[in-house]
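Participant: Supplied in structure tokens, the structure appears directly below.
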There are 2 protein chains.
Amino acid sequence: MASTSSLTLSQALLARAVSHHATEHRRDSRLSPVSLPTFSGLKSITSTATRATTATNCRRVSSRQVRAAAVETLDATTDTSLVEKSINTIRFLAIDAVEKANSGHPGLPMGCAPMGHILYDEVMRYNPKNPYWFNRDRFVLSAGHGCMLQYALLHLAGYDSVKEEDLKSFRQWESKTPGHPENFETPGVEVTTGPLGQGIANAVGLALAEKHLAARYNKPDSEIVDHYTYVIVGDGCQMEGISNEACSLASHWGLGKLIAFYDDNHISIDGDTEIAFTEDVDKRFEGLGWHVIWVKNGNTGYDEIRAAIKEAKAVKDKPTLIKVTTTIGYGSPNKSNSYSVHGSALGAKEVDATRQNLGWPYEPFHVPDDVKQHWSRHTPAGATFEAEWNAKFAEYEKKYSEEAAELKSITNGVLPAGWEKALPTYTPESPADATRNLSQQNLNALAKVLPGLLGGSADLASSNMTLLKSYGDFQKNTPEERNVRFGVREHGMGAICNGIALHSPGFIPYCATFFVFTDYMRAAIRISALCEAGVIYVMTHDSIGLGEDGPTHQPIEHLASFRAMPNTLMLRPADGNETAGSYKVAVVNRKRPSILALSRQKLTQLPGTSIEGVEKGGYIISDNSSGNKPDVILIGTGSELEIAAAAAEDLRKEGKAVRVVSFVSWELFDEQSDEYKESVLPASVTVRVSIEAGSTFGWQKIVGSQGKAIGIDRFGASAPAGKIYKEFGITAEAVIAAAKEVS
Amino acid sequence: MASTSSLTLSQALLARAVSHHATEHRRDSRLSPVSLPTFSGLKSITSTATRATTATNCRRVSSRQVRAAAVETLDATTDTSLVEKSINTIRFLAIDAVEKANSGHPGLPMGCAPMGHILYDEVMRYNPKNPYWFNRDRFVLSAGHGCMLQYALLHLAGYDSVKEEDLKSFRQWESKTPGHPENFETPGVEVTTGPLGQGIANAVGLALAEKHLAARYNKPDSEIVDHYTYVIVGDGCQMEGISNEACSLASHWGLGKLIAFYDDNHISIDGDTEIAFTEDVDKRFEGLGWHVIWVKNGNTGYDEIRAAIKEAKAVKDKPTLIKVTTTIGYGSPNKSNSYSVHGSALGAKEVDATRQNLGWPYEPFHVPDDVKQHWSRHTPAGATFEAEWNAKFAEYEKKYSEEAAELKSITNGVLPAGWEKALPTYTPESPADATRNLSQQNLNALAKVLPGLLGGSADLASSNMTLLKSYGDFQKNTPEERNVRFGVREHGMGAICNGIALHSPGFIPYCATFFVFTDYMRAAIRISALCEAGVIYVMTHDSIGLGEDGPTHQPIEHLASFRAMPNTLMLRPADGNETAGSYKVAVVNRKRPSILALSRQKLTQLPGTSIEGVEKGGYIISDNSSGNKPDVILIGTGSELEIAAAAAEDLRKEGKAVRVVSFVSWELFDEQSDEYKESVLPASVTVRVSIEAGSTFGWQKIVGSQGKAIGIDRFGASAPAGKIYKEFGITAEAVIAAAKEVS
């Protein structure tokens, strides 16, 4: 082992705390409640800061050379052997769990165990008995396939979510230890990762959330919001475009408390990264504006890792990438440093060989007593952290009651009483308007009553109409503001919003682009749905109605594609009241994302629409029939509801009993009682016509085998909107003709 | 104007040709057929090469400083005034067309007109009267909203697709000049752009295609494949993750003939790029391994632009990014350099002011005679290029008949006769196997008979089973090979494949990842469908059947989401014969993408499946009824077809007349005659049960209001596959119960 003389960072930090002023003490004494062995002191108390400055200067002179992290040289008694034992415990818990499941990824946990140990045992501040304690440091395993690393760490740290039996049921039905980290299954896991690159973008969102709350609520005498966000990314995350998007924003925003570890192991599933990944990652990250440190020996260079973290913390104005060169599957004599250890169990023979190689005499899943004892201090330490913070918050609340109430609402997710009264309402006499504009009225009204509402657009704020007029831009030096400028980075935007939403339950992040560009961010939207992040997706220009931009910009299949996605609310409001209703639904649904499809073009304010109607998903806006027996039911959504209404008027003039139904959200309608559904769409009435400027795919469920769905089952076209509507037959005439045809 | 003494690049190149050896002559005399004014010669014939080398060395020493492109100092008579007149013609054609349409983006064409002029008038080799001439240089406007730039250039260059009346019908119904560049509407446009970042990735595919074909078919005595790929990217493209993915691969592959112009104008839709885009793009691209040049004066520094292109061409082993600093809306006195000129018509008043400012006395859409005359040489020049190439190919064909036949098949898209005989067939006695493995058998069989088949996976080759065993890896130094290693870059992969497909009609690119990760590349798949690129998407691990990886990896809504997408073939084969049938369909359909959803798990070879059946989309695999009157119809796809077959056997034992239908492709079934459809799904038989391990969304169309769709309308779970199938009720028992319920 390379490092024979070392000191845990917590020990070192504690030592610093003795001679430092109060502010530093608060940050540095994080593990102070824990009783620690004695040590002989630090060689140079100021060396870190000096070194960090020098490093920055060096980088300016010659950026080709990324400086290796300086190794701490501490004159200390040490228990490196215990550190190594703990690290090997992590490795073998991963090996054993994957072996028992005969499925999983042992390679990353074996290589990243040292950084994992140092983070969870020496650096991070958390309370294992309350994984949701607000001010905890956040950890994200962006390389989510290596989840046994995190499960092993949560287990050692004392989280109740990962007991020994949970490790033994890794990847099994209803276990707390699924195949990739899932926040909704495992308390202690912050976000849901596995799809590569999502985690680092989530981490950017978590760090944004911290910076924003700190700027809004910290006071000169009380730093009530104050935590770091740590993330481990692998080569796969680095190759994904989403990570570049999110990392470009992270430095733009100056997220100094975001520290990313790049597990630089040169192996991906297809073999050596040489076959597809030969860029200079360090240089790219410097180009992105990050502070970059290289830990050359991530396998046993514990002090190097510690020093890198110290240096990263000293850099306040930008995020840090710590490139940690590791050996995938470290310890496996025949499989390490090869793709074969990435995603398969080692096999009994190689497990034995690894036990021998690392000198591990224990049974599977065994945690040696001294390791157990060592980690046991985190339970009382965590309780103390939380208790101290609670006391601090009580003080804060006394002095700053208004801010405290707001912050509380963000931390506990309880919406302020009466918030929904802020929603605007409209009458048929209100001016016709595009739902994107009506959306902006709602956003601005809600921002006043919902302290956790913040968001923005992917460089289309003036088209998506998402600016909050009472607020400025969230920027590096104005992080207290609530308009977020994401640039043309839809995928990163979605995943960052997932991070914000999962930071604290009262955050209500919204983000925006043209509806068609949900294609760029679909992977992030799916994660919103899966991880129960109530992000509001403000998607304007929702059909051929956008006109001249043409088929690349005109959504067709998008409504159908989201209606098919589990745990997702697809909302397509028709006018002002329905837009307000959609926002009401979106705000209330904190555990599923809402996608609002909004028009570019002006729409009439329709009689009969209502917020309450939207809450039911599908409802009658007008009807001249009686006894629940209309001659025909016309069904529309969004911008086509007014077409259905117009067609109904004409048909009624011809003596027909016509019901017009707004079908603003299929999912909400599905959740209504059978009785309600029958009251809207009686089974006996088979003369049904739907109209929607999108794919007819799925509409047969609503109109039935004998009904007719009017829609668009081809790509759009470039022309003025009215012309396309006419040429594509999205007209009242077509509705009337269809109604007669199916009668 | 900064440059008063200049020489067109074509003139300079012609001059060089005089004193250079044959190989250089061929490359450099590209515009030699054109008669040019005399000039006095070059100051230094070797300066470019020297400079390029120096530049490279400099970069190693200090990468912080991106060297500005050296200005050519040529002792030449010049017609800069004509160049400027041509550039202003481009600007005003764009201004006038946007003004007439009252819709569009004048800012980019006004800023990029100089580089556009130099490319189309001085640098690129093309034949306007045959936009499909194989060996043409390719141009991609990745910042597709600026399409009036390209339309103006195509118009001046003599393309029949963009006549004056086409410019006047910009963005109108059925015009050849839609709101964004669309290859299927406008000959001369290579790919379909608008969604940002797609174009640069397409360009990487075009350059890959050139490098691949050149390596396969060029001979020491005949460089039959030899063209450049030029692309203009904007700030928006640069922010999108897809561009980072594709650009990382471009340098990894050493695509030296890819030259990208970065229109560095500091303005995006939301305003100054300072609000969201402050990274160091030059440095990022150097990190990615590109050669980077900065043209500081892109507005009037014509010689700077020319010199940069020369330098870029001299760098053979890596792609070049030419950062061209421009003023968006150059020439508009009140709107240039602001977001207001990005995406709206200038308005009559500002158009007048711009006319005055740039000294443009002409009517709208006017091309001055001298400009017209100047550009008119491209028609004969293009004809000569093509004729010369044809003569060269005739020579080549004589010497290398086999290679010539292959290359011809790639360039004309005619599939080799009898290719389909290579498809493997299976019997019920063939061993059970995963369709991903059967897919690999097909790919390997087809690679032998289809010279244009090449592709690979996003770092999952060994899971997707996509390696062609007779070929090596396409890499920088082995570009003749056909296994492409995309790394974990799904979005870039899809768009690169679009570029390959659109390079030559005989290319059949395939690409692969897990089916769920189509979410990462959906924007590229949609463009495949829109731009008629017959890419084959090999998507394995197509359901909960992948087991332990859990819900982040298990597709649910994906089949439905692609069935709703226009011009897309969604295929889900059930066994060997159906996999072969799916490949047959995918190869035949050169103008729409095919998505193959393939199983991770083993599947039985079923009696009754066939290639011919797949071609019909839905067909009967077994039936014990008569007179087209079964008691019940069971419908399955992919891995659930064997469950339907098993349920049928049980029901038949109970005396039922049961038909089993494979519904491998909804789109193909939709295209069959009503008679055929009735023969498979008779309207009179309403007892129908479908089973598919995915969302039931859309299945009501097939099973009807009275039938039942068995599927999964929630997210998946982490557990062994068999367990999940059972817990989710995707079983023969459930099918039998449902059949009885709906009878």
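Here the Cβ of each residue, glycine as well, is placed from N, Cα and C on the backbone.
For B:E490, the entry in TrEMBL reads active site, proton donor. Residues annotated as substrate binding site in TrEMBL: B:H105, B:H342, B:R436, B:S463, B:H541, B:D549, B:H553, B:R600. Residues or ranges marked as thiamine diphosphate binding site in TrEMBL: B:H145, B:G194, B:P195, B:L196, B:G236, B:N265, B:H342, B:F517. Here TrEMBL flags B:D235, B:N265, B:I267 as Mg(2+) binding site. Per TrEMBL, domain 'Transketolase-like pyrimidine-binding' is recorded for B:433-605. Residues or ranges marked as site 'Important for catalytic activity' in TrEMBL: B:H105, B:H342.
What's the neighbourhood like for each of these?
Facilitator: Reduced to three states, the DSSP call for B:E490 (active site, proton donor) is helix. Over all protein chains present, the Cβ of B:E490 (active site, proton donor) has 33 other Cβ atoms lying within 10 Å.
Under the DSSP three-state reduction, B:D549 (substrate binding site) is assigned to coil, being neither helix nor strand.
Counting only residues at least six positions away in the same chain, the Cβ atoms of B:G144, B:A523, B:I527 sit under 8 Å from the Cβ of B:P195 (thiamine diphosphate binding site).
The DSSP secondary structure for B:D235 (Mg(2+) binding site) is helix. The Cβ neighbour count for B:D235 (Mg(2+) binding site), using a 10 Å radius and every protein chain shown, is 24.
Regional average pLDDT for the domain 'Transketolase-like pyrimidine-binding' (B:433-605) in the model is 98.
Around the Cβ of B:H105 (substrate binding site), the same chain contributes B:V98, B:H145, B:G146, B:C147, B:M148, B:H342, B:G343, each under 8 angstroms and 6 or more positions distant in sequence.
Neighbours of B:H342 (substrate binding site), defined as other CB atoms within 10 A of its CB across all chains, total 23.
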Participant: Compare the Cα of B:R600 (substrate binding site) against each of the recorded positions B:D235, B:G236, B:N265, B:E490, B:F517 and report the nearest.
Facilitator: B:F517
Participant: Near chain A: which of the binding-site residues B:H105, B:N265, B:I267, B:H342, B:H541, B:R600 have their Cβ closer than 8 Å to one of its Cβ atoms?
Facilitator: none
Participant: Cα-Cα separation of B:H553 (substrate binding site) and B:F517 (thiamine diphosphate binding site), in Å?
Facilitator: 8
Participant: According to DSSP, folded down to helix, strand and coil, what is B:I267 (Mg(2+) binding site)?
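Facilitator: Looking at the DSSP assignment, B:I267 (Mg(2+) binding site) belongs to a strand.
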Participant: Return one of helix, strand or coil for B:H145 (thiamine diphosphate binding site), based on DSSP.
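Facilitator: It is helical.
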Participant: What Cα-Cα separation, expressed in whole Å, is found between B:N265 (thiamine diphosphate binding site) and B:S463 (substrate binding site)?
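Facilitator: Rounded to a whole number, the Cα-Cα distance is 44 Å.
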Participant: To see if you understand the setup: which same-chain residues, six or more apart in sequence, place their Cβ under 8 Å from that of B:S463 (substrate binding site)?
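Facilitator: Spatial neighbours, sequence-distant, of B:S463 (substrate binding site): B:R436, B:S457, B:F514, B:T540, B:H541, B:R600.
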Participant: What's the most sparsely packed of the binding-site residues B:L196, B:I267, counting other C-beta atoms within 10 A?
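Facilitator: If we count Cβ atoms within 10 Å for the binding-site residues B:L196, B:I267, the smallest count is at B:I267.
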Participant: Have a look around B:G194 (thiamine diphosphate binding site) and count the other CB atoms within 10 A of its CB, chains all included.
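Facilitator: 26, counting other Cβ atoms within 10 Å of B:G194 (thiamine diphosphate binding site).
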Participant: So among B:G194, B:L196, B:I267, all listed as binding-site residues, which is physically nearest to B:E490 (active site, proton donor)? Use the C-alpha atoms.
Facilitator: B:L196
Participant: State the Cα to Cα distance, in Å, between B:F517 (thiamine diphosphate binding site) and B:D549 (substrate binding site), rounded to an integer.
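Facilitator: That separation, Cα to Cα, works out to 13 Å.
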Participant: With the substrate site defined by the record as B:H105, B:H342, B:R436, B:S463, B:H541, B:D549, B:H553, B:R600, how many Å span the farthest pair of C-alpha atoms?
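Facilitator: For the residues that bind substrate, the greatest Cα distance is 48 Å.
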